[in-house]
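Peer 1: Quick one: structure below, then a few questions.
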Amino acid sequence: MSRSLNLAVIPGDGIGQEVVAEGLKVLSAVLPQDVKLETKEFDFGARRYHATGETLTDADLDALKAHDAILLGAIGDPSVPSGVLERGFLLKLRFAFDHHVNLRPSKLLPGVATPLAGQPEIDFVVVREGTEGPYTGNGGTIRKGTEHEVATEVSVNTAYGVERVVRDAFARAQARPRKKLTLVHKNNVLTFAGHLWTNIFNKVAAEYPEVTTDYLHVDAATIFLVTDPARFDVIVTDNLFGDIITDLAAAVSGGIGVAASGNINPSGDFPSMFEPVHGSAPDIAGQGKADPTATVLSVALLLRHLGYEDEAARIEDAVSADLGERGDLPARSTSEIGDTLAARVAG
């Protein structure tokens with residue numbers, strides 16, 4: 001019996017167009033013959049904003065909702081005021097589709113340089129809460145523009161929101177060989193939110209006796225990410241701290257050029273979205289210089305989320321092999337890297 005994979009594709013801005021094309025190339029090559037790939041491209045980002053003033057409408061959300069998953073290239077352009085696309089598209093989509101798990105694997109792959117001394121063992125996953133914290137837009141200003149201006153940005157943390165992301169993190173830790181989960185917060189200063197996170201973490205931990213747990217203040221976690229990244233297996237943290245430490249994690253494991261991410265709706269009520277961590281890089285857009293590796297690894301995350309474990313592993317193996325050989329190869333274009341990876345996964 002044939003199957004189908006119905007994918008919404010959002011190339012977005014800058015190099016997003018180029019890297020998404022290579023991600024789709026690899027996806028088409030790796031899928032079993034009985035799986036029909038159906039894609040629909042959506043024009044979101046700076047071009048549409050300038051043409052229509054729109055970022056993401058309710059009709060757009062309805063159209064996206066019909067798909068199994070979403071593949072995003074990059075959103076952002078210097079011609080658009082800061083915050084317009086970030087809040088009007090990225091955050092709006094995240095909240096509308098309840099992407100409350102932001103998944104960021106960090107693994108130092110063969111042939112990839114790290115700024116850390118030696119070649120440390122780096123293989124961990126950050127599970128970042130995606131729909132609460134200070135990103136909810138709960139805040140404001142008074143006396144704006146005066147020397148007495150006051151600005152607030154409220155961090156919203158609910159027991160429901162915290163528990164569901166903590167449970168997701170425990171399940172992921174349980175499925176990994178090391179079975180270790182670290183909670184990162186700042187509960188000695190942010191006592192209200194911090195204690196909510198800590199209490200729920202400890203409550204859920206009792207249901208996972210095989211998972212080793214520990215706690216780190218976020219400032220201590222940043223130190224250990226640099227001095228001893230091997231101590232981490234799975235990290236769970238809130239939206240703001242997760243936003244910060246995931247980029248540090250990417251930096252120590254080779255940079256954002258190889259960093260993939262998933263914005264996950266674990267229940268499957270809405271399609272999850274997968275994207276490279278890097279930005280739109282308008283300075284090199286259209287020149288064939290962008291490395292599509294992070295997008296290809298995001299495709300692997302997408303496939304694993306949808307249950308295509310073998311295909312995801314083949315992509316990851318192909319990327320590892322390709323990265324390990326790059327030192328002996330001349331520079332390649334975006335499409336040449338995609339061609340190589342597609343050929344590897346096709347066998």
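Placed from the backbone N, Cα and C atoms, the Cβ positions cover glycine too.
So Swiss-Prot lists these for the protein:
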- ARG94, ARG104, ARG128, ASP219: substrate binding site (BINDING)
- TYR135: site 'Important for catalysis' (SITE)
- LYS186: site 'Important for catalysis' (SITE)
- ASP219, ASP243, ASP247: Mg(2+) binding site (BINDING)
- GLY279, SER280, ALA281, PRO282, ASP283, ILE284, ALA285, GLY286, GLN287, GLY288, LYS289, ALA290, ASP291: NAD(+) binding site (BINDING)
Peer 1: According to DSSP, folded down to helix, strand and coil, what is TYR135 (site 'Important for catalysis')?
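Peer 2: Going by the DSSP assignment, TYR135 (site 'Important for catalysis') falls within a helical segment, counted as helix.
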Peer 1: Could you give the Cα-Cα distance between ASP291 (NAD(+) binding site) and ARG94 (substrate binding site), in whole Å?
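Peer 2: Counting only the Cα atoms, the answer is 26 Å.
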Peer 1: Rounded to a whole number, how many Å is the Cα of ARG94 (substrate binding site) away from the Cα of TYR135 (site 'Important for catalysis')?
Peer 2: 11
Peer 1: These are the binding-site residues: ARG94, ARG128, ALA281. Which one scores highest on other Cβ atoms within 10 Å?
Peer 2: ARG128
Peer 1: Among TYR135, ASP247, ALA281, ASP283, LYS289, these being the recorded positions, pick the one whose CA is nearest to that of ARG104 (substrate binding site).
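Peer 2: The answer is ASP247.
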Peer 1: ASP219 (substrate binding site): which of the recorded positions TYR135, LYS186, GLY279, GLN287 have a C-alpha within 10 angstroms of it?
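Peer 2: If one measures from the Cα of ASP219 (substrate binding site), the recorded positions that come within 10 Å are LYS186.
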Peer 1: Would you identify which of the binding-site residues ASP283, ASP291 has the most other C-beta atoms lying within 10 angstroms of its C-beta?
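Peer 2: Result of the Cβ crowding comparison: ASP291.
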Peer 1: Do me a favour and check the Cα-Cα span between ARG128 (substrate binding site) and ASP243 (Mg(2+) binding site); whole Å is fine.
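Peer 2: Each residue's Cα considered, ARG128 (substrate binding site) and ASP243 (Mg(2+) binding site) end up 7 Å apart.
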Peer 1: Measure from the CA atom of LYS186 (site 'Important for catalysis') to the CA atom of LYS289 (NAD(+) binding site) and give the result in Å, rounded to a whole number.
Peer 2: 40
Peer 1: Near ASP219 (substrate binding site), how many other Cβ atoms are within 10 Å of its Cβ?
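Peer 2: Total other Cβ atoms inside 10 Å, all chains included: 11.
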Peer 1: Cα distance, ASP243 (Mg(2+) binding site) to LYS186 (site 'Important for catalysis'), nearest Å?
Peer 2: 15
Peer 1: Would you mind pulling the DSSP three-state label for ASP247 (Mg(2+) binding site)?
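Peer 2: Going by the DSSP assignment, ASP247 (Mg(2+) binding site) falls within a helical segment, counted as helix.
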Peer 1: Please give me the CB contact count at 10 A for ALA285 (NAD(+) binding site), counting all chains in the structure.
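Peer 2: Looking across every protein chain shown, the total is 18.
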